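Engineer: First the structure, then my questions, so here it is.
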Amino acid sequence: MACNHRPPCLLAFFFFAAIASAQLSSTFYSTSCPLAIQTIRQAVRAAVAKEARMGASLLRLHFHDCFVNGCDGSVLLDDTPSFTGEKTAVPNNNSLRGFDVIDNIKSQVEAVCKQVVSCADILAVAARESVAALGGPPWTVQLGRRDATTASLDAANTEIPSPKSDLDDLISAYSKKGLSTTDMVALSGAHTIGQARCISFRDRIYNETSIDSSLATSRQSNCPSSGGGDALRQLLLQELGEEEGPAALGPAAVRWRIHRLPRHHLFHEHGQVLQRLRCCNGEDGEHKSSHRHRRRGQAQLQEDQLRLLQVRACNMQKG
């Protein structure tokens, strides 16, 4: 059973489950499907062991899902006669990957408890387990999120932050989701793993004046000023001068970076922010609270982002 379709019986289950328990819970499936988390964990570990980059891909898939109408699995839906899915949106098309892995996990979960666990929850747990499989810190995932029955191509095109967004655009995009600038920096920590096309950050490394010059130079060596847009570049947040390569995606390398920072800092904040983003969106994706965090100064935020890029961030001020 793939996650790109919704059988009526599964929709009915989640309708009644929501009535019985409107609040998300980390133990939502402890009785109805006690093997769910273990099954997802094992499947994710197998996928990451086969291709380390997949860990980053699943985390990114979850983020792109959450930024459009909440973490409801809408990013997984294929086009139908009644709506166009989000897979072909500009931020997602030929960019998001890992759909086959999620479908494989769904099939394994269905084998242990049929039509119980939502695809939205599978994606959320898979993101957490991906980080853990690469040596990062886990976080508590609140479960019981119902699956979307529709998707929004327009929202995916307009709400997901672009690599070319400037600071004000990023602050605005995150603020609309009820997240602070500190949250934005923490979520940027997801780029400690994975790869990106040079075309997505070429403007930054050649035209930005505020970027660290050593970092820009190291990126320019692999991303020419023109052409080569499809080239992939490992984007690991690392100490300048640290050797790069495939091994740097492994658990030991990620753990090395984590332990260079206080255990309570940004790597842990990242998971907490994802959880807030997941919990603070209703079934229709609207925020349950109109609270907005006070914005921090632009200069201070730029300084924080630079520290993050160098994996030297320690003691950021709260917003």
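Easy rule for this one: first residue shown is 1, then count along the chain.
Glycine is no exception: its Cβ is also placed from the backbone N, Cα and C atoms.
Just so you know, TrEMBL annotations are computer predictions that nobody has curated.
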Engineer: Among C9, C33, C198, find the residue that TrEMBL gives as the disulfide bond partner of C113.
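Structural biologist: That would be C33, the partner TrEMBL lists for C113.
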Engineer: Take every residue in the domain 'Plant heme peroxidase family profile' (23-230), average their pLDDT values, and give the whole-number result.
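Structural biologist: The predicted confidence over the domain 'Plant heme peroxidase family profile' (23-230), as a mean pLDDT, is 90.
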Engineer: Return the count of C-beta atoms lying within 10 angstroms of the C-beta of R60 (site 'Transition state stabilizer'), excluding that atom itself.
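Structural biologist: Here the count is 23.
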